[in-house]
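Student: What Swiss-Prot lists as compositional bias 'Basic and acidic residues' is 134-143. Look at Swiss-Prot and you will find N428, N550 tagged as N-linked glycosylation site. The phosphoserine feature in Swiss-Prot is assigned to S248, S249, S250, S320, S322, S845, S846. Residues annotated as region 'Disordered' in Swiss-Prot: 1-28, 62-202, 249-269, 280-299, 327-346. For 1-392, 462-473, 519-528, 574-636, 695-700, 762-767, 823-857, the entry in Swiss-Prot reads topological domain 'Cytoplasmic'. Here Swiss-Prot flags 414-440, 658-673, 722-740, 789-801 as topological domain 'Extracellular'. Taken from Swiss-Prot, the feature transmembrane segment covers 393-413, 441-461, 474-494, 498-518, 529-549, 553-573, 637-657, 674-694, 701-721, 741-761, 768-788, 802-822.
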Amino acid sequence: MSGRDNRGAGGGGGGHQPLSNAMGKLKEKLTRVGDELGYHRVESNLSTSNTATSLDTILPEDPFLFPQVSPQRHPQNTVRTQRLLEDEPPLSFRPLLEDDDINEPPTQQQQRTPLRASGSLELTPLPPPPTSLEIREHRDRQQRGAQGDELQRSKQSLKGSRVSFERRDTGNSNTNSNKAAESSDEDSFEEKRTGFQQQKATSVDHKGILKDLKHILANDNRRQFQAKKHVSLDVKGTRFLQDLLKESSSEEEFHKTRREFQGRKHQSLDPRVTFKLDKVLQGSSTDSDEEGEDAEHKRLIHRPKDITKPVIIDLKDLESESDEDFLTSRQHFQQQRSISTDSRKSRRLYEMDEMDNKRGENIRHAVPFVRQITEDGKPKLEVYRPTTNPIYIWTQVLAALSVSLGSLVVGFVSAYTSPALVSMTDRNITSFEVTQDAGSWVGGIMPLAGLAGGIAGGPLIEYLGRRNTILATAVPFIVSSLLIACAVNVAMVLCGRFLAGFCVGIASLSLPVYLGETVQPEVRGTLGLLPTAFGNIGILLCFVAGSFMNWSMLAFLGAALPVPFLILMFLIPETPRWFVGRGLEERARKALKWLRGKEADVEPELKGLMRSQADADRQASRNTMLELLKLNNLKPLSISLGLMFFQQFSGINAVIFYTVQIFKDAGSTIDGNLCTIIVGIVNFLATFIGIVLIDRAGRKILLYVSDIAMVLTLFVLGGFFYCKTYGPDVSHLGWLPLTCFVIYILGFSLGFGPIPWLMMGEILPAKIRGSAASVATAFNWFCTFVVTKTFQDLTVAMGAHGAFWLFGAICFVGLFFVIIYVPETQGKTLEDIERKMMGRVRRMSSVANIKPLSFNM
């Protein structure tokens, strides 16, 4: 034993220094590895009385850490190790948990139960070192926790008014942190911190809800106000520019002033300048005395409580909810707010789409947003610019007057049989016999020919052009009247009437198309009235001249009327749209210059025509007749056909064609020719009354009034003729037929005269409007032929009273048709009407806005 001890002691004297160096290196390396792996250093309180231990209770068994000092290799160094450990306590490491505070020692629960070694020394056993996968997972958790904290802080940060709250919140957080550091009860501290965070989130989101909902509501009211101001500002601007054009000494000065005006208007229309959001939120009353400000704008500024009241109610509802429901509502609100607050980038594009539906027909007079497609395919706002040039009216008046003279010829030809048939059946005047059947064909063949002309007119205006097609009817009108004037038999009269009716069918289709493609929208309503007015003038002229002339002289007058029409048609150009359709861009530009004025900028309008033509070419390959048979197209087409049916079967053309004969059969005490003149004057004046009321009272109201007036007068006329034939003497009531005819014509001209033609252009879908209008026009001429051809036969078979009662019964049925099926289109854009009829919207062409040629025939 002593020898072993001496050898050990002697060996220890030489080996103590290497072992001490090794333990120092071991301590440094373990400390460094523990810091890198996120381990926590724990100092063990060792008793100096512990005299024996083994190195394997201190060192990990991994030889990677220190292979040179393994207890298995050097068991003789155990005693020396015990002596060294009396001066230097060992190290113990464990994983750092998420709940640990690096500034505080571990709790009793976190410390492991010490294991007793072979001696009396108590040491904490070391866990095995973590693997590389565990190290990566631990670092990932730390990064995710840091990112989550950063994201939570960014979500809770608000703008503007919340800065002060965050400062107070920072102070409260520091106070709570100090209190938590001083608190020894960790669970109590966590409860306080959680409660504070919930209170902060609630108060912050209440403020956010109130502010952002105010912002959203203010934007809605602001968009409505801007939509109104677009119209008012541009109207004022247009008048200003018109006055400036008259007063300007030079063109350069005018354009310079116009550019300055557009710049000021661009600023005034900018939402950030015209309608500050803080005025609504703060309830500013500084603008209360400004003149000319919109009433809605004032109400929003002076009564902000109207906006915030529903928001406060919603906040009270939120406060009454449970914590879970409130958190759900808050999350939903945050999702909405992330969309609504990005207003600077998206607000204008959204407003453009919304205002397209609101502005409707007013888009011509407003200052619209102009979109430009960028390289990435997204639309962006480029500039504001006006849509129209200053109106150069005189050339457009000349164009409208030229085609309206053709309408005068149409009206004269249509009313020819009413005064002419009386003298034509008189054997003392006519050299040939005209039987009752032949007389019915003289009146009825013109509508039949008009049906054929309407069908042929569609291809002709596309092949020859609008102007050339109208011009081509002038010579046949002259020939037809000369053929009737020089007739020696009924066949010549019928040939002349057929040729005249064929030209009437072509003209009635081409005249509205020409006006719609040449006249600017600002004057289209006024100039669009000229064909209707001139058509009724032609009817009145025929009635007045027929009271002094026989049928032959009246026909010679009809041959002279187309001459000024023929001359003026040579002075006006073809429509620009037709030139664009033929690829003649330069000729289209010249036509626009003639119509709009030499100084006008016609390039924007020309580009619009080219885009419309491109859209039409893309749809040209479709079979339009098959499109008519689709269910969503049949409804508007059926309504249009129904209105045409009730218009003609009200008996209007029978009354116009046979007015003199009706008054002669009635035995009226008033001269028949004078009665026709009075009816013509009423027809002419009633047209203007209908134009004034049609956009004020509405379409359906006027149809109701028109139908009721016709039903009453037709039944009264039927009763008069019945009493004259079978009943008591009514000779003392000779004024009654004229009174009934005046009321009948007045009622027809208010409603069933112009409205079926107007609604045909409104309710028919854009893609089938051309073909559907041709079908409706042809059907109208067919009904006209049936009524005029069978009227005299009806009076023979049923008596005059039976014919008028039949027409009255049909009008009575038409009243229910209007009530049930006809929609109200007053004040609605063509897009809105089509959306209601078909459930979708497309861009409408300018031709769709015209009022078709309409006069009583």
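Every residue number used here counts from 1 along the chain in the order it is shown.
Positions of Cβ are set from backbone N, Cα and C atoms, glycine also.
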Student: Is it possible to get the count of other C-beta atoms within 10 angstroms of the C-beta of N428 (N-linked glycosylation site)?
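Tutor: Result for N428 (N-linked glycosylation site): 5 other Cβ atoms within 10 Å.
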Student: Could you name the stretch, out of 474-494, 529-549, 802-822, with the greatest number of CB pairs under 8 A to the transmembrane segment (393-413)?
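Tutor: Top-ranked stretch among 474-494, 529-549, 802-822: 529-549.
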Student: With a Cβ cut-off under 8 Å, give me the same-chain residues at least six positions beyond the ends of the topological domain 'Extracellular' (789-801) that come close to it.
Tutor: 436, 439-441, 443-444, 447-448, 651, 654, 657-658, 662, 665-666, 717-722, 725
Student: Going along the chain, which residues six or more apart from N550 (N-linked glycosylation site) have their CB under 8 A from its CB?
Tutor: A420, S423, I429
Student: Taking 529-549, 553-573, 637-657, 674-694, 768-788 as candidates, which has the most Cβ pairs under 8 Å with the transmembrane segment (474-494)?
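Tutor: Selected stretch: 553-573, with the most Cβ pairs under 8 Å.
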Student: Cβ under 8 Å to the transmembrane segment (802-822), counting only same-chain residues 6 or more beyond its ends: which ones?
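Tutor: Distant contacts of the transmembrane segment (802-822): 638-639, 642-643, 646, 649-651, 654, 699-700, 703-704, 707-708, 710-711, 714-715, 717-718, 721, 752, 759, 791, 794-795.
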Student: Could you check if the transmembrane segment (529-549) is in contact with the transmembrane segment (768-788), meaning 3+ Cβ pairs under 8 Å among residue pairs at least 6 apart in sequence?
Tutor: no
Student: Are there residues at least six beyond either end of the transmembrane segment (674-694) with Cβ under 8 Å to its Cβ atoms? List them, or say none.
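Tutor: Answer is 415, 418-419, 529, 532-533, 536-537, 539-540, 542-544, 546-547, 659-660, 663, 668, 702, 737-738, 741-742, 745-746, 748-751, 753-755, 758, 855-856.
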Student: Just to confirm my parser: what is the rounded mean pLDDT across the topological domain 'Cytoplasmic' (695-700)?
Tutor: 76
